[in-house]
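Features of the protein shown, as given by TrEMBL:
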DOMAIN    200-309  domain 'Acyl-CoA oxidase/dehydrogenase middle'
BINDING   204, 243  FAD binding site
DOMAIN    347-499  domain 'Acyl-CoA oxidase C-alpha1'
ACT_SITE  484  active site, proton acceptor
DOMAIN    537-671  domain 'Acyl-CoA oxidase C-terminal'
């Protein structure tokens, strides 16, 4: 890089940092909000007007006095927005207004920074956002988790690294203290909300990730001093990939509790890491920096270990178990397995956060790619002008199913949020919550990385350019399929839950009260016409696939055990099919919740949502077509029609695509300033 390039980069960096630290903006926030409500840059897209426009002029060019309720195709955009926002619309709108104030510019030089500089910038952003948090964190984490997830859904349009950083601080660190600790730990949540205490989440080890019960870090109780001694017995026991590791003052550490030489299983401890005043590591704590990664380079991922680090007895998170001063063990559960299940069950809410954050990233990618599709022109009929690439079936058939699934997942996410809120009612509700959070995280994260990839391709070379944002989402979200539970492991957990539900139903002689309650008298009922475009018939197909796969998996496991394989070996050998079952459940759940929501929605958007529901159902049938036909669930003659129906319904959705994207209500400041994604320079003043 030439010296003058370095100078320009640092000058732009200083401009952004000054802006972050409180430089006043000449733009009226009310004008910005009015821009967001107009939904569409004075409909430049309808005129295919691709004249050069800076981001500030996009904000100031509007003279509208009233937000438009309906799009040009009669689509009720405002009610669609309300549908997507759901019961937490107030929280999402507050976040949008915060983003639209202009204090959080998209940092186009962010990817060119050294990772250490990126981390410092991100820390500054985090402190600014913490001041804008619109709720009491402790109360929200314990009593209104859906509002917490909604915050990330709206916040995710800005910067994925920052969202992940805040998720580590608020969901993993503060959330663990709130859900596994008691009153003696909750003061740390209050300090953590204001970032006066920075924390991290010490579960994963170099030798153990998904197998949490196998972690090797130890916490040995010393009754003489009433302290736990935290140790890392070998290099593979070092905690690793720990977000927040560079700046954290404390970590919630998962370790094997040892009392009088006896192991009591995995427990969680609050362990000091650094001096809050000097930021120096405390004695006995040693760290390694993970450094550069594929994405999320603003996240300070570290590995760390402990050498005889002593912590007070009261630093054990003691909601489910405790140790008395003289070393006696008290536990609310009869077995170690029950205690472990309750402990990790309290942490599944992070999966919902990932699904919510992924939803925001998907909406941003689609907003960019769809609008680009209408402005980008290539080829045309002989003797006539070029047409937009969105008019080609090869283009709209790539993007429109993604729009439909985004709406479907929004309904499913709302459902899972509510179910997770009720998980403390009883053991069954807790098990259901665990299944649903696993399923929504898998479905959401796979959809996120798939959508980012296809949107990048759909924008051609422009999608590869960092300031146009899609490439950043593609890079930063890929890890969503791994953290907060590897998707392959989560799918197994869903499958195991379904088998348990089936066994329970057989035992009680009825499927009522289970997630398979649609299975009555040995069949899945459907009395209507076999119409592939009927959402109810689509649901019937998904249900039939799911229940047949449950029964098939049970049969396979029994056959293997009958041939001498033990239970563990039989399961290992059927993991591939078990994961297919888990995905079938997720597909059915998402479609079913979208169908229910579209049936209950406002009349003005009913037809719009039904159209999207049909396309989403057709797309999922297309994906499972081989299985449905080969297993006799769908007749071959109907199966032959699926591909052409997907194309025709994608075309119908493309006619209202701009309005569907407008309903995402993404602040214009969080999107590229030109929908044709052509070159532009970042203003330096």
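Positions of Cβ are set from backbone N, Cα and C atoms, glycine also.
With the fewest other Cβ atoms inside 10 Å of its Cβ, the least crowded of the recorded positions 204, 243, 484 in this structure is 204. In this model, the domain 'Acyl-CoA oxidase C-terminal' (537-671) carries an average pLDDT of 95. When DSSP labels each residue, the domain 'Acyl-CoA oxidase/dehydrogenase middle' (200-309) comes out as 6 helix, 52 strand, 52 coil, counted as helix, strand and coil in that order.
Distance from the CA of residue 484 (active site, proton acceptor) to the CA of residue 204 (FAD binding site) is 10 Å. Classification of residue 484 (active site, proton acceptor) by DSSP places it in coil, neither helical nor stranded.
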